[in-house]
Structure formats: structure tokens, C-alpha cells
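A short worksheet on the structure shown next.
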Amino acid sequence: MSILIDNIGELVTNDQAQGEGLLGIRRDVAVVVEGDRIAWIGPSGQKPAADARIDAQQRAVLPGFVDSHAHLVFAGDRAAEFGARMAGEPYTGGGIRTTMAATRAASDDELLGNASRLVDEARRQGTTTIEIKSGYGLNVADEARSLRLAAKLTTETTFLGAHVVPPGSDPDAYVDLVKGDMLDACAPYAKWADVFCDRGAFDGDQTRAILEAAARKGLQLRVHANQLVAGPGVQLAVELDAASADHCTHVSEADVAALAGSNTVATLLPGAEFSTRSPYPDARRLLDAGVTVALATDCNPGSSYTSSMPFCIALAVRDMRMTPAEAVHAATAGGARALRRDDIGRLRPGARADLTVLDAPSHIHLAYRPGVPLISTVLHNGVPR
Ligand SMILES: [Zn+2]
């Protein structure tokens, strides 16, 4: 089965060998998809024949969004907590325990149903790859169950037993559990391991012990780093060659320099600052220092209950001083780097056929027209939805 996407006004390839600027933009082109891969990109006038045709009507086509940070396996709702926070209560991360209780009490069907609903919601907004973390089970059985369910929805599964210490547990005993029995039970379903290294969660020594144990089990690493306060998370992420340090809201000059000289992406999650009414990370400072930046939703029921990458792009442009091109790049190629994937996030022959047709002539409209549903067609693995 081949599909010709014809009459594309603006194609974002994220490949500077193919087109102009950071986004590698080409104009008046066509794309041919064969099976789950891109087979051909070239001028509209030279397009080959295909089994089916999509007329892009001079609109923009982008790589599918890569949401490299989401917490989708949970039950319950924390709208009341959000309302209280908007009435002036500070965010402390303590609500994770509320979701833990609801998650443990839910059936597999409820958890999977809720997570699939969120994956569908993200897909309608242009997301073709989504990472899913555990982290609301916080015991061996419920963490393993969360990852077993997440693995039904994505290959990018992340073990986050070290989200917080569950109530009533001794912190040192819990760290031993996470890097022992819990890791053993979760590793078969997880590609990644992550630790919330922050005030009220895990300190540098605990984070290092857990990540090193996970690496010995063959998991790749990512870190929730420097969200609430400055701390050792970013430096640890770089030292342990984590794919991503996520949040990076409170970073020192040394943290920025370490990221710039590393393979570790800074993943910024502006939905979290929006939903906790907190200061945004300084994306400009990171980009100007040469750090690779990704944007992701942090979709979770407490601190960022959005599945919308276009919303995060709009926040990044408006409130984090990223250009529209930088934000779109971070939400596609940046996310792919944060997952150490080279088959997604770029449009070129041989790449996975994950792309979106915007209901707009340019990628700039994603920030220029915030809150407007601009995703008209999404192809995932070459299949239109
Ligand atoms: Zn998170």
C-alpha cells in the first residue's frame, strides 16, 4: 500500500540537508509513503504514482510530534487540587500519593482504558510517539502492572518506581526495594528508568543508586531533574549519559555547560509550569548555550493534565521565548533525540511514516493560533487516522 501526499505548501523535514533553516523546510513538494516508511520526497511536478492520494491543498506537513514525557497509567482525577492551587495553594508534589491510592484500587481494564483514551487524545493532536511512565503503583505488583499495561500502548515505557516514597515507607528501605525486587519485576516491560530527583522526592545519592542499578539491568536512563529547586539531577543525568534531563527549571551555569557538552537532552515541560503557576524554564539560555531542547507534555493528572503538544508549543513560544521553528523542532526532532530514536522526528526517505497535515499553511500557526484544532490528518506508521 502506497500513499501519495501531494500539493504540500510547506514540508518540515527537520533535515537541513534537504531544505532551509532549522526545520529544513521544502515548498511545493509531494511525499510518498510505502508501508510504514517514507519512500520518496520531491517536487510536486515529479511525483510518482501511488495507490492512494491525499491532497494537502498547499497546507503544511510536519513530522508527528514526539511526546517523550508522559504519565498515563493512573486512575482518579485531581481537578479539586488544581482549583485549590489556582486559589493560591503551592504545588508540593504531594498529590502523587492521592493518585497512587486511586491507581492501586483500579482494575487493569480501567487503567488501560484511561491510558488508551489519553493516547487517542494525543494522536488527534498530532502525537505519533508517546513515552509512558509508571510511577503511581509504588509497590512491586502495581509498578509491574502499570508497565505491563503501558507496553500495550507504546514501545517507549519507563520505570518510575522512584516517583515519590509512598506514605508509611522508610525512604532507605524503599530505595532498596526500587533497585531490587521492583526493578526485577519491572525491567521486562521497561525500556527506560527514571527517578524524580528533587526536593520531597529522591536525593542525589538515592537517584544515582537507582539509576546505576537500572543501567546494570539493561535499562536506558532519564531523570526528572531540577524542577522544584536546584539540585544534582542535571549533573547526574549527564554523568550517567541519561538520554534526557526533564524539567530543568532551576539550573546553574555549570548545569547548562554540562548539558551543552553532552548527549543528554533538556526536556522542557511548560504544561507543568502552566498548571502549577510556576516560573517557566529559561529555554533561551539553554538554546543559546547549544543545549538540545525537547518539548513534552508531562501529561499527568496532577501537575500537567494536557496531552496537547500544540499547546506546549504555544506556551514555549509565548512564555519561554522560543521561536516557532525552535518549538516545533523541539516537539519533533528534539523529542526523538530525547528517546534516542533516529527513525522518527524527521521526514526523509527511510524514516518512519509518522506525520501530520496541518489545517494551516505554516508551522508558525501552531503558536499563532493557540487553542485551535489545526491537526487535520495524522499518519502513524503510514496509516492515516
Ligand atoms: Zn513527569
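Cβ from N, Cα, C; glycine included.
In TrEMBL, annotation is done automatically, which means it is predicted and not curated.
The DSSP secondary structure for HIS69 (Zn(2+) binding site) is coil. Here HIS69 (Zn(2+) binding site) comes close to GLU131, LYS133, ARG222, SER244, ASP246, THR267, LEU269, ALA296, THR297, ASP298, ALA338: these same-chain residues lie at least six apart in sequence, with C-beta atoms under 8 angstroms from its C-beta. Annotation comment: TrEMBL describes HIS69, HIS71, HIS224, ASP298 as Zn(2+) binding site.
For HIS224 (Zn(2+) binding site), the number of other Cβ atoms no farther than 10 Å from its own Cβ, over all displayed protein chains, is 30. Sequence annotations record features per position, and here TrEMBL assigns Fe(3+) binding site to HIS69, HIS71, HIS224, ASP298.
The DSSP secondary structure for ARG78 (4-imidazolone-5-propanoate binding site) is coil. Taken from TrEMBL, the feature 4-imidazolone-5-propanoate binding site applies to ARG78, TYR136, HIS163, GLN227, SER303.
Per TrEMBL, the feature N-formimidoyl-L-glutamate binding site maps to TYR136, ASN300, GLY302. Its Cβ placed at the centre, TYR136 (4-imidazolone-5-propanoate binding site) has 31 other Cβ atoms within 10 Å.
Taken from TrEMBL, the feature domain 'Amidohydrolase-related' covers 61-363. Mean model confidence of the domain 'Amidohydrolase-related' (61-363) amounts to 96 (pLDDT, 0 to 100 scale).
Checked against ligand 1, the binding-site residues HIS163, ASP298, SER303 give ASP298 as the ones with a Cβ under 6 Å from it, listed in sequence order. GLN227 (4-imidazolone-5-propanoate binding site) sits 15 Å from GLY302 (N-formimidoyl-L-glutamate binding site), taking the C-alpha atoms as the reference points. Nearest Cα neighbour of HIS71 (Zn(2+) binding site) among the listed binding-site residues (ARG78, TYR136, HIS163, ASN300, GLY302): ASN300.
For the pair HIS224 (Zn(2+) binding site) and SER303 (4-imidazolone-5-propanoate binding site), the C-alpha distance works out to 13 angstrom. Between the candidate binding-site residues, GLN227, SER303, the densest Cβ environment within 10 Å is the one around GLN227.
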